[in-house]
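Asker: Pasting a structure below so you can have a look.
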Amino acid sequence: MSGRRDLGWLAAALLLLLGWDLAGADLAVVRWFGSPTGFAWRASWWTSGLMHEGGRWLAWAVLLLLVVGIWRPLPAFAGLPQHQRIGWVLVTLAAVLLVPAIKRVSLTSCPWDLAEFGGMAQYVSHWRWGESDGGPGRCFPSGHAAGAFAFLSGFFVLRPYRPDLAWRWLLGVVLVGTLFGAAQLVRGAHYPSHTLWTAWFCWAVCLAGQGLWQRRQPDLLR
């Protein structure tokens, strides 16, 4: 039952996300923070130093804790079978790697690359596949937000064993991912949809990955 419900929420989120893209609100939101001279918050210590560089280190630290936790878990996760802790790490890595893979072939440039903000690109929707905007591209979706949303995997791992902790974990991941996305937005590094798509991709990978891992593990790994 929970599997169908999860898929239902995933589909509903996809419809909302497609609605956002259809409304074309990305550029309007970015214009709140940009000007012909660029983005005032681009090099700010709060957005560039703390939220971007600091956030990157935070993501790696959490991932390292999960890897070490395969053998020496934190007390809160000690009740998880080891094969679940292994799956948690693998699914998280899959989500982390997917977003940069998409970015590598994306022709969409970042907001700060647009001519109206001092760059050279023209705005082109990421739905216009194969059409260059005249900029460097490789900006869709948000790689930085993946440093938070990839850990949505923890919700699906923890839910059968510690549902209370799973929901707290989910809330924390969404909060941190939103902060990462907001910081990149005001810097001119990403459109809102870039963060939203990253969240959706990570959610889909974590949901599918955890389901596949559960089915493939023999009892001897328990």
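Cβ coordinates are placed from backbone N, Cα and C, and glycine is handled just like the others.
Nobody curates TrEMBL annotations by hand; they come from automatic prediction.
Note that this is a predicted model, so its numbers are computed, not measured.
Grabbed the feature section from TrEMBL, which reads as follows:
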- 57-74: transmembrane segment (TRANSMEM)
- 86-102: transmembrane segment (TRANSMEM)
- 89-208: domain 'Phosphatidic acid phosphatase type 2/haloperoxidase' (DOMAIN)
- 140-158: transmembrane segment (TRANSMEM)
- 165-183: transmembrane segment (TRANSMEM)
- 195-213: transmembrane segment (TRANSMEM)
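Map the listed features onto the structure and describe their local environment.
Answerer: Tertiary proximity for the transmembrane segment (57-74) is limited to same-chain residues at least six positions away from its ends with a CB under 8 Å from its CB atoms, namely 80, 82, 85-86, 88-89, 92-93, 96, 147-148, 150-151, 176.
Per DSSP, the secondary structure of the domain 'Phosphatidic acid phosphatase type 2/haloperoxidase' (89-208) breaks down as 81 helix, 2 strand, 37 coil.
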Asker: Near the transmembrane segment (86-102), which residues from the same chain, at least 6 beyond its ends, have a CB less than 8 A from one of its CBs?
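Answerer: Long-range Cβ neighbours of the transmembrane segment (86-102): 63, 66-67, 70, 80, 140-143, 146-147, 149-154, 156-157, 198, 201-202, 205-206, 209-210, 213-214, 217, 221.
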Asker: Other than its close neighbours in sequence, what residues sit by the transmembrane segment (140-158), given a CB gap under 8 Å and a spacing of at least six beyond its ends?
Answerer: 6, 52, 55-56, 58-59, 62, 77, 80, 84-85, 87-88, 91-93, 95-96, 98-100, 102-103, 106, 108, 126, 165-167, 169-170, 173, 176-177, 179-181, 183-184, 189-190, 193-195, 197-199, 201-203, 206-207, 209-210
